[in-house]
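Visitor: Okay, here's the structure, questions in a sec.
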Amino acid sequence: MAEDAQGRPAPTSPFFVTIPSKLLPQLPDIPSDRPVLIAGPTASGKSALAVRLVEDGGGVVVNADALQVYDCWRILSARPSAAEEAALPHRLYGHVGARQTYSAGHWLKEVAAVLAEGLRPVIVGGTGLYFSALTEGLAEIPHTPPEVRAEADARLAEAGLARMVAELDAETAARIDLQNPARVQRAWEVLRATGRGLARWQAETAPPLLPLSDATALVIRPDPTWLAQRIDSRFNLMMADGALEEVRAALPGWDPTLPSARAIGAPELVAHLRGEIPLDEAVAAAKLASRQYAKRQRTWFRNRMRLWHEIRLP
């Protein structure tokens, strides 16, 4: 089995670089010097499209996926292979340690440094918050104290998501994804630490780093049934490429409260490796989690990216 630079299994399946056949004909005219943003749900072919655009027009592929930043996840996050990263300029992939915290603010500062390099950026990913921070601006919210983070972790574990949602201010609750535990906990922490709701802080947002009017913004809108089939097929290939071994390598010191532990499929495979569920159940649960994640992504894109150029698939 192939390995990456850190000795971990590296994805080899051609599925990871497949562009759906009906995608390219839907592209608008894209000047070679204009920044490109590509958003889409998991397994929709967006990363392969970014590579094609850089191959054809030059520039650098920039990651906008909150899990592809972590060095422990190449296969499970569908990060580009080591060979792909070497073939073209790539930025912000696999550069963060598994135990480090990494926020949209961290990402935005690093993107600013990439833009300063002067290469045309093709920014691609499925984390909607990164794109909104980039094109709409990001509020300067004070850092959450460790004791508040610990209190939030305990409260979510003991009282559950619904209770935490009920304790949010109404303005924030109306704006965030209430099905996303990470987003809800972050909003709860801000309110607890500062006495002001997240929505109030966001109202004091600085100007955007890259306004939408200065970029070609593409959002992939796949048919849910078609996408579900691709998700299931891709996870099968991930397993064949060594996803279980990748999770096994991350098992020592596993901490489910870390942001890196939110990799889709990781908790399910950890449960199997700990003897809690059989492998077939873990795989089925991981596929379900991936489909549910894709649904949340589609909802975000539909509600927040109405001015982006749509690409319908298949």
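Glycine too: its Cβ is placed from the backbone N, Cα and C atoms.
Note that the coordinates shown come from a computational prediction; the quantities given were computed from them, not determined experimentally.
What Swiss-Prot records for this protein is below:
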BINDING   Gly40, Pro41, Thr42, Ala43, Ser44, Gly45, Lys46, Ser47  ATP binding site
BINDING   Thr42, Ala43, Ser44, Gly45, Lys46, Ser47  substrate binding site
SITE      Thr127  site 'Interaction with substrate tRNA'
SITE      Arg149  site 'Interaction with substrate tRNA'
Visitor: Which residues does Pro41 (ATP binding site) neighbour through Cβ under 8 Å, counting only same-chain ones at least six apart?
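Guide: Once residues fewer than 6 apart are set aside, Pro41 (ATP binding site) is near Gly126, Ile220, Pro222, Leu227, Tyr293, Ala294, Gln297, Arg298, Phe301.
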Visitor: Give me the Cα-Cα distance between Lys46 (ATP binding site) and Thr127 (site 'Interaction with substrate tRNA'), rounded to a whole Å.
Guide: 12
Visitor: Name the one residue among Gly40, Ser44, Gly45, Ser47, Arg149 whose Cα is closest in three-dimensional space to that of Thr127 (site 'Interaction with substrate tRNA'); these are the recorded positions.
Guide: Gly40
Visitor: Beyond the listed site residues Thr42, Ala43, Ser44, Gly45, Lys46, Ser47, identify every same-chain residue whose Cβ lies within 8 Å of the center of their Cβ atoms for the substrate site.
Guide: Gly40, Pro41, Ala48, Ala78, Gly126, Ile220, Arg230
Visitor: Out of Lys46, Arg149, which of the recorded positions has the smallest number of neighbouring Cβ atoms within 10 Å?
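Guide: Arg149, out of the recorded positions Lys46, Arg149, has the fewest neighbouring Cβ atoms within 10 Å.
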Visitor: Using the CB centroid of Gly40, Pro41, Thr42, Ala43, Ser44, Gly45, Lys46, Ser47 as the ATP site centre, which other residues of the same chain sit with their CB within 8 A?
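Guide: Result: Gly126, Ile220, Pro222.
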Visitor: Show which residues of the chain containing Ser44 (ATP binding site), separated from it by at least 6 in sequence, have their CB under 8 Å from its CB.
Guide: Pro20, Ile220, Pro222, Leu227, Arg230, Leu313
Visitor: How many neighbouring Cβ atoms, not counting its own, are there within 10 Å of the Cβ of Thr127 (site 'Interaction with substrate tRNA')?
Guide: 20
Visitor: Per DSSP, to which secondary structure element type does Ser47 (ATP binding site) belong, with helix, strand and coil as the options?
Guide: helix
